[in-house]
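Copied over from TrEMBL:
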BINDING   HIS77, HIS79, HIS234, ASP308  Fe(3+) binding site
BINDING   HIS77, HIS79, HIS234, ASP308  Zn(2+) binding site
BINDING   ARG86, TYR144, HIS171, GLN237, SER313  4-imidazolone-5-propanoate binding site
BINDING   TYR144, ASN310, GLY312  N-formimidoyl-L-glutamate binding site
DOMAIN    255-371  domain 'Amidohydrolase-related'
Amino acid sequence: MSSPTSSPTTVITNIASLVTNDPSLGDGSPLGLIQDAAVVVDGDRIAWTGESSKAPATDNRVDAGGRAVIPGFVDSHSHLVFAGDRTAEFNARMSGRAYSAGGIRTTVAATRAASDEELEANLTRYLAEALRQGTTTMETKSGYGLTVEDESRALRIAARHTDEVTYLGAHIVSPDHADDPAAYVSLVTGDMLNACAPYARWVDVFCEKGAFDGDQARAILTVGKAKGLHPRIHANQLSYGPGVRLAVELDAASADHCTHLTDADIDALANSATVATLLPGAEFSTRAEWPNARRLLDAGATVALSTDCNPGSSFTSSVPFCIALAVRDMKMTPDEALWSSTAGGAAALRRTDIGRLTPGAYADLAFLDAPSHVHLAYRPGVPLVTQVWRRGVREV
Ligand SMILES: [Zn+2]
């Protein structure tokens, strides 16, 4: 097999089981699972996927040694532009104190005080940590600056390292505007948006008691949308509220957390293109109730699974850990959890070129030191990812 641009082609063979996420392939399940499989990589893309015995000739050959190969994880929700540490808060919470959104202020103060270099070093450290665990696409947000300058610099730094950048000036009302939330909403929808929009693809709001209510969230997302940013929402995390229905109303790509949902919320998600993104690292690290994944899945909603990696409520960059939680405690099947953390994450970012291993998609994939993806939940806490390729290049 040769390519018109004559970039060398590589076949990865001897794959015990391959997750393609194309139901027209392999076993016909949503995972499109192929046993004894091969993948052909041409440049940065997948050129061919199928049974080993039918693989076309290529320039190079890599033997997977009977390992499983999966699409690289698509982590569609993280907060990696920050400085400082919340160990003391976590320690206190694990000693019985409840989590409240106000803890974000600690990170805001540390982030404002940090240099650009410190913020970038922190960001790249966690991106590399996630990559080693199989994550090849990671969305990340601002939200710890809360001034025009600090939000725009967070996004400028993030945009150097990922295409999936989210403006979250509306994380909490800035402490500088604690007495006048309306003035802060005006800033978020005015000067701050203008400074941030060039670096971001998405606009997000923490719609929650103590953060922003439904009307404020609608105003922020609507103005962001008019500025060319697509909405996503932190919705229904700590309490019931208007976030999920607002997400559907505004055709947000994703409603994230979805921990407290009414039947009407679930119906709305199931009948929309808005993905329900579950972030069980947050429930784990705050000892909160799990989101009800089964209700969402059984109703027909599209579910994504991501880390919410942030220093306050979910300081894990590990998608395999979230998969184990989703299977053990949220009653997702191992197949559903794998799909949700790859194709589901891609859907939450409205992408079809990642999260699957089919011709034309980016060659973003992970090798597992295991015969199948089921081991990600079956062997919790074990570092099973042995190789990670991104855009056709082995990076781990
Ligand atoms: Zn979040």
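Positions of Cβ are set from backbone N, Cα and C atoms, glycine also.
Just so you know, TrEMBL annotations are computer predictions that nobody has curated.
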Tell me which binding-site residues (ARG86, TYR144, ASP308, GLY312, SER313) have a Cβ under 6 A from ligand 1; sequence order is fine.
ASP308
Relative to the Cα of GLY312 (N-formimidoyl-L-glutamate binding site), which of the binding-site residues HIS77, ARG86, TYR144, HIS171, HIS234, GLN237 have a Cα no more than 10 Å away?
ARG86
Return the average pLDDT for the domain 'Amidohydrolase-related' (255-371) as a whole number.
98
In the same chain, which residues outside the set HIS77, HIS79, HIS234, ASP308 have their CB within 8 A of the centroid of the CB atoms that define the Zn(2+) site?
SER78, LYS141, ASP256, HIS257, LEU279, ALA282, SER306, CYS309, ASN310, SER314
Near the N-formimidoyl-L-glutamate site, what residues other than TYR144, ASN310, GLY312 in the same chain have a C-beta no further than 8 Å from the centroid of the listed C-beta atoms?
HIS79, PHE82, ARG86, GLY103, ILE104, THR107, GLY143, PRO311, SER313
Which of the binding-site residues ARG86, TYR144, GLN237, ASN310, SER313 has its Cα closest in space to the Cα of HIS77 (Fe(3+) binding site)?
ASN310
Can you tell me the CA-to-CA distance separating GLN237 (4-imidazolone-5-propanoate binding site) and ASN310 (N-formimidoyl-L-glutamate binding site), as a whole number of Å?
15
